[in-house]
Amino acid sequence: MSKVLLLSKVLLKNAESIWGAKKGSGWKKLLLVLALVIGIIPMILGAVVFLSAMYDGLALIGQEGALLGLGFTVASLAIFIFGILYVLSVFYYSQDVEQLLPLPLRPAHILGAKFVVALCYEYLTALVLLGPLLVTYGVKSGGGIVYYLFAVLIFLAVPIVPLVMAALLVMLFMRFTNVGKSKERFRLISGLFAICLAVGFQMFVQRQSSGGVDSLEQLQQMIASQENALLNLVTQFFPAGRLAALALQDGGTLESLGFLAAFFLVVLASLVVFLVVGNSFYFAGVMGISEAAAKRKAIGKTAFQKLVKQRSRLLSYFWKEWKILWRTPAFLLNCTLSSLLIPILALLPVLARRDSGELLARLQASLQGEHAGAVSLAIAFAAILLLGALNSTSVTAISRDGQGFFYNKTLPILPQHLLLAKVMPGIILSMVGMLVLLAEAVWLLSLSGKFIFWAALCGIPGVIFINLIGIMVDLHLPKLVWSSEQEAVKQNFNPLFSLLFGLVTGGLVAVCVMYVEASLFATALGLFALFALLDVAIYRMLVVKGPKWLENIED
Amino acid sequence: MIELINVTKSYNGTNKAVDQLNLTVPNGEIFGFLGPNGAGKTTTIKMVTGIIRPDQGEITINGKNIATQPLEAKQQFGYVPDSPDQFLRLKGLEYINFMADMYQVPKDVRGQRILELASRFEMTSALGDPIQSYSHGMRQKIMIMGVLVHNPKVWILDEPLTGLDPKASFTLKEMMREHADSGRTVFFSTHVLEVAEKLCDRVAIINKGKILFCGTFKEMQQHFQSDHSLESLFLELTKHE
């Protein structure tokens, strides 16, 4: 046990220095915190308002306890999904793994310590998801000291079971895919396949369940009657959440103590299962993780001539970035494929509904009205912008280089060309995302060719805008110290900034267009001109100031 | 030729990593840059190559100032960093071709040069594989090849012999000699004093950011009136600091 604690301390310290390694002046850090607070406060306030309305509605029928059950279930599901990513990056793809393997440690020691690290990350997720719920419920139900004591205990223990489940899933997956020469590719393909399977399953379940939820009342009814198949299924999947809810519901009674004990028993049991399974599967899955396939065969003459092609510096650097984006699994999932996957995944909840046809028809009608033209365009524009903001390619372009970034500075390439080559992949990927989105719109909403043309026309400068903003953010706050590629893109705050920027800009555009009430043509032209001008201005700034900013990044 | 004039770099405003450094690395010489760990070797090399900026002073490479003419200066040298773990997702050949593009090596000489380098370093059969699949020594070799592909006038090598097998190590030393003998410059840092003693025309010993000695090995022995090896002189020189 002491070895586990010692190791966790070391790993956490290491992670902390990685988190805190963003070197920047005081105001940059302040700006970072401020932006995060501004971004998160409305979300939390919204959640509190929503939760208290739900509470009041459920209290009328004496079912307010169901709110806790639902909250723990949703949080468990989110923790489980995040857990898969954390376990992959902390347990497997972290660079410290190969240093820990030769030490005289049992798998259980390493596993225990890594579990603690992943759990600490999960507490952040849990805090955002459960914090507002537990406090709102406490205030509304007039909970006393016992309630809050129970709440803290349960908060600390709730993430354990879903994290164990994620870890078990990943450990089994990694164990049985640790075969063959191109295991990285094999793992990626089987991982994608698993995602498709999960999404398909979810769609199936959702289609089976009753029509969907349109209003708060319906949601309340659904929770109270427990008719929803999906909810039931998820609750069954995370039974510990139900026990926790029951324990918290009537905090202090003998019954609740019993539930609490049962809950902790489940948590403890899950930990035991985790250690037992991990003991036999972890090492077998993690050994040789950094091995790569090699043929060691001389390249043929024609292939050689094809590979030895002369390109301009700008184009050559772009190709290098492009290849690395496609070949690195963590970048492929988070940057490259996400531009295709996000517009498709966003569509699924709509298609999964039984009444999707009706819903689409309604949407179509509202989008095609005479006056709706300009507003629809603004909404389409905002959606394209948001899609660009969700893609982290440009906003991690510098961070992805890690310590190798400094080598760039020794190359005889103009800094402005380097920046351009780094922002180009993001722009291309966002454009692809935009085309997918517009194709979906044509397919489902049968929008006119004219509308699509205008949307694409203003979408292009919009996409360029958000990508330029992204690289500006990364230039000022690059995360160059990381121990796994996953960390460079996932445990990086910069994508959050670009998201925030996309949301605010998209929102502003939509509101302005609604107020101005111009025609579709005027709006399209206006948006195009405005964002093209903004693009030129930011590009000029990058060209003039960018070299200095690049130079300022020192280790 | 590399020239450093009054170069100073401090971290956190107080801790001087390099302090008023003056150094001239002439053409036609292999110049060894020696010093204990943390003496300021890598900081100096990073300033010469444009990775970090000096707080004060001027650095020129073949007369091109790295601060005011960065592109021209960078075109003069090839730099091998101390860690070869870069561009791991590229294939060996892709990486060398990328470097050739960066230095705009003409297409007609490029292929021939790559093949020559590959055969000298015995890497021909590995060119088609990702760098990630290479051993440490092979990664070191590919980094060196990537730098030499544009035939730079000035070589700047940070611990280039670490991890190389005896054959590659011999080849590199041979190539360094040829390069210097053709009237051009080799500037490299090393901890291996036996190599420095045998290979270098001139050495500089740096400690705590200051040059303690700069000259030939002979001059060093004369200076200290001793016939000891470079190793014992080095240990003597850096002991009291």
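Placement of Cβ uses the backbone N, Cα and C atoms for every residue, glycine included.
The following features are taken from TrEMBL:
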type	residues	note
TRANSMEM	A:30-55	transmembrane segment
TRANSMEM	A:67-94	transmembrane segment
TRANSMEM	A:115-139	transmembrane segment
TRANSMEM	A:145-174	transmembrane segment
TRANSMEM	A:186-205	transmembrane segment
TRANSMEM	A:257-277	transmembrane segment
TRANSMEM	A:330-352	transmembrane segment
TRANSMEM	A:372-398	transmembrane segment
TRANSMEM	A:419-445	transmembrane segment
TRANSMEM	A:451-475	transmembrane segment
TRANSMEM	A:496-516	transmembrane segment
TRANSMEM	A:522-542	transmembrane segment
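For the transmembrane segment (A:67-94), the residues of the chain that approach it from at least six positions outside its boundaries are 51, 54-55, 58, 111, 114, 117-118, 121-122, 125-126, 129-130, 133-134, 137, 158-159, 161-163, 165-167, 169-171, 174, 223, 231, 234-235, 237-238, 240-242, 244-246, 248-249, 282, 285-286, 289, 330, 483-487, 490-491, judged by C-beta separation under 8 angstroms. Nonlocal intrachain contacts for the transmembrane segment (A:257-277), taken as residues 6+ away from its ends with a CB within less than 8 angstroms of a stretch CB, comprise 108, 111-112, 115, 150, 153-154, 157, 160-161, 164-165, 167-168, 171-172, 239-240, 243-244, 246-247. Counted over residue pairs 6 or more apart, the CB atoms of the transmembrane segment (A:372-398) and the transmembrane segment (A:522-542) come under 8 Å in at least three pairs, which marks the two as touching. Counted as Cβ pairs under 8 Å, contacts with the transmembrane segment (A:496-516) are highest for A:451-475 among A:115-139, A:145-174, A:330-352, A:451-475, A:522-542.
Counting same-chain residues at least six beyond the ends of the transmembrane segment (A:145-174), those with a Cβ under 8 angstroms from any Cβ of the stretch are 72, 75-77, 79-84, 86-88, 91-92, 115, 118-119, 122-123, 125-126, 130, 134, 138, 187, 190-191, 194, 238, 240-241, 244, 247-248, 251-252, 256, 260, 263-264, 266-267, 270-271, 273-274, 277-278, 281-282, 285-286. Packing against the transmembrane segment (A:451-475) from elsewhere in the chain are residues 373, 376-377, 380-381, 384-385, 388-389, 392-399, 419, 422-423, 426-427, 430-431, 434-435, 438, 441-442, 494, 497-498, 501-502, 505, 520-521, 524, 527-528, 531-532, 534-535, 538-539, 541-542, 546, 549-550, 553: each is 6 or more residues past its ends and has a CB under 8 Å from a CB in it.
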